[in-house]
């Protein structure tokens with residue numbers, strides 16, 4: 001029983017990582033209705049930038065804020081420079097460009113900063129929450145930041161003019177344009193925000209898994225899983241989905257005999273497909289009504 | 001939201017099922033020239049180039065299968081490496097453990113992959129495009145783990161993989177085994193391409209395309225959407241499986257590391273570069289997959305990945321609808337001028 | 001004396017090669033890829049893809065041959081080092097190996113990296129009789145001269161490393177309850193297999209085995225399971241990132257087992273420092289190369305030479321990575337083989353010389369560790385030494401242990 005509780009707690013801690021990146025995934029989905037395959041690598045690159053700033057002697061929080069600003073600017077720039085010329089290209093071509101960006105960020109990070117793992121500081125400290133607990137202060141801090149982000153996003157989209165305009169631009173670009181919303185810039189803004197949230201996620205994840213160019217490779221997949229379980233249209237759902245994936249994966253690894261440990265990932269992924277069978281838009285997602 | 005979803009797929013819809021603008025004589029000349037080239041090349045290049053070209057054709061077959069699914073039926077897959085792997089392992093296991101003749105394993109691999117594809121197509125029916133893309137991607141990510149898992153390792157050889165012996169040319173043909181495998185792959189590829197073309201042009205093909213373009217109208221006309229979609233998934237997996245089966249003997253080795261999600265992504269890239277909805281485009285896609293990474297590496301070792309990514313972006317800029325889209329556009333322009 | 005024996009062995013090997021292949025000894029003097037001024041050496045490594053971290057090894061080897069060439073080459077011949085990327089994917093390895101052998105016509109392929117990738121080309125290389133020399137993997141199957149005459153490993157194999165830990169545990173902690181964290185692939189299973197073999201009928205000492213996949217973001221769940229099993233001695237058969245996570249997690253949760261970390265992850269700068277020196281204190285391992293980040297060596301002449309090499313020929317190289325020392329040392333081993341081969345640079349003779357290394361000392365190997373091979377012993381490095389991390393640097397202890405070769 002103690003093992004069960006510890007595995008659930010450890011699962012929640014790992015789930016926090018997934019929740020964090022799932023939130024970033026849902027964020028960009030809200031803004032541009034795409035899944036950005038390069039999101040994890042962008043987050044990793046941002047984290048390296050923060051690491052470099054700290055290495056150069058900048059205090060943690062200054063580096064944190066500056067990285068957010070830089071990431072936001074980079075996100076906007078990527079949309080303006082790379083995707084703007086392609087806005088009439090087929091959606092599949094966009095996915096190929098995501099793949100290209102993935103490759104570029106991964107390779108460039110390895111080239112600039114090497115592949116040796118680097119420790120990244122945590123603002124919350126890494127001591128266990130209580131004696132012998134599988135959850136650390138940092139894990140708890142990560143929950144906190146994720147929830148704060150979630151609330152801020154909710155307020156932003158619901159109550160600010162820009163937030164409303166972004167939603168309008170994503171849901172119905174033609175009508176949005178008619179009421180004077182600059183749709184192109186709204187999309188760019190969405191990219192910027194997604195990049196900044198990704199940077200937060202990266203800086204929270206790196207203290208746990210260590211910083212290296214491939215650190216987001218599998219986390220992104222788990223993040224997708226969390227986002228899908230929760231529903232791509234629901235930020236809160238994505239966060240809950242991330243936790244669910246973390247816990248289920250741990251329990252499967254510990255309590256399914258014989259194949260559980262080897263096929264943790266497979267079992268988690270099978271769970272997702274099962275959830276989608278019952279609720280095709282995820283647990284908390286709103287159903288798309290197809291209209292002709 | 002529904003309207004944006006429609007908008008996102010409008011682009012897909014604009015691609016015609018058949019490049020009708022291309023004058024028939026032109027395409028025939030191109031086809032014959034291509035075939036002559038394909039048949040003569042193996043007699044003038046080195047053996048390892050023949051090997052590379054065989055890999056091009058194998059990837060082209062897999063891309064062709066993916067094209068049936070995505071290009072003509074509008075279903076996404078980022079997981080075709082799984083079917084490719086099943087095909088490869090079927091051949092390897094049948095040959096090395098059960099002593100089957102290589103040629104017999106191809107149809108078996110095809111059938112098994114069809115069955116797997118059909119079964120995977122059932123849950124896929126319920127998934128929206130983006131969720132389907134993720135579910136298939138998950139399949140690709142899980143494949144190597146499943147292949148090396150303990151319950152399967154008596155057959156798959158676990159992480160060690162399986163050696164496969166290359167078959168010798170039959171009937172005392174005056175070619176070496178590399179050339180023989182090349183011609184075998186070329187022959188199978190041509191047959192599969194003709195089948196794909198005929199399937200698309202048939203009544204069933206029109207139903208398949210109708211499902212892509214307007215599912216509700218298709219349903220209204222009495223098309224059994226669920227059946228067609230799962231069948232197309234099966235056929236698509238069958239193509240990937242045949243490609244995998246051929247790859248097992250050409251590479252002479254199968255291992256979980258050969259079938260990671262990187263392969264799934266590569267096939268997808270090949271599909272888009274070649275041209276979604278174009279059958280000859282598959283060969284362009286195959287050429288891209290084999291030769292562009294080598295080229296990127298020649299430019300910079302440390303930044304091979306970044307160079308590859310940059311090339312990819314430039315190619316998409318130059319031809320947003322793939323090579324086939326570019327050809328179509330050029331031909332349309334030329335035709336317009338001559339008029 | 002040695003020369004005579006070398007020549008004799010070379011002649012015997014040559015004779016064998018001819019007898020087996022039945023070709024006219026027209027190429028006996030010089031193999032393909034060799035001219036009076038050049039030796040072509042092929043290499044395959046992952047410069048792109050998920051394993052690109054290992055690309056450092058290939059780059060170091062290239063830099064080392066630049067140094068050799070700048071200093072006049074080997075017996076007047078410059079090394080032309082041709083290195084290709086396979087992205088760690090076996091089909092691509094086959095393509096690149098064939099390109100090297102059939103198009104570039106290299107003398108040999110050196111240090112191709114990875115177990116699956118090398119397995120994919122092993123039969124081809126042996127059928128073509130091209131040396132597949134000093135492959136970069138610790139699997140045990142590279143030392144089977146009777147079956148694969150043209151394939152040879154280099155580093156101590158994982159199985160014998162496992163046996164060394166078993167012997168150490170049996171001697172020092174006979175009542176230990178062992179928990180094993182291992183990577184679920186050939187490397188993890190080989191090392192675990194060696195451990196079990198070494199424990200013999202005491203395999204029951206292992207109370208928990210926790211495999212992880214490289215796709216796992218963290219190994220927290222595995223650590224929770226190991227802890228719950230009541231283990232008091234943990235062996236981390238893990239690559240640097242996961243080993244560092246394990247050491248840190250075990251330290252932070254206040255669990256205090258005896259901890260052994262495998263050789264792959266003994267880098268001070270690349271593993272123990274990120275894991276936290278306070279957590280890594282007391283960790284045990286075995287070594288065979290000097291760790292460049294270990295302050296033990298900062299006044300050591302061979303370290304200074306390595307450092308000067310890095311400054312001049314590979315200034316972008318990662319000095320905290322053990323891969324640069326690995327690449328440097330393995331390149332020196334090949335250099336030795338080529339020097340021994342003298343002007344008879346046929347593939348047969350190169351293979352014969354590779355199987356005739358006698359007490360060759362690599363400057364960056366730990367003191368007392370030498371390279372030895374013979375036509376029946378295809379395991380160049382078999383010695384390792386136990387060491388303990390004192391919170392700042394490794395301390396060697398006990399004798400240099402001779403791991404037995406294969407099974």
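Glycine too: its Cβ is placed from the backbone N, Cα and C atoms.
What you are looking at is a predicted structure, and each value in this text was computed from that prediction instead of being measured.
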Correct range for transmembrane segment (source TrEMBL, candidates B:303-320, B:321-338): B:303-320
Folded-back contacts onto the transmembrane segment (B:81-98), same chain, C-beta under 8 angstroms, at least six residues removed: 62, 65, 104-106, 108-110, 112-113, 116-117, 139-140, 142-143, 147, 155-156, 162-165, 236-237, 240-245, 247-249, 254, 258-264, 267
Seg_contact(the transmembrane segment (B:261-291), the transmembrane segment (B:49-69)) with at least 3 CB pairs under 8 angstroms, min sep 6: yes
Range from B:21-43, B:49-69, B:104-122, B:129-147, B:231-255 with most C-beta pairs under 8 A to the transmembrane segment (B:180-200): B:49-69
Paired segments the transmembrane segment (B:49-69) and the transmembrane segment (B:231-255) in contact, 3+ CB pairs under 8 A: yes
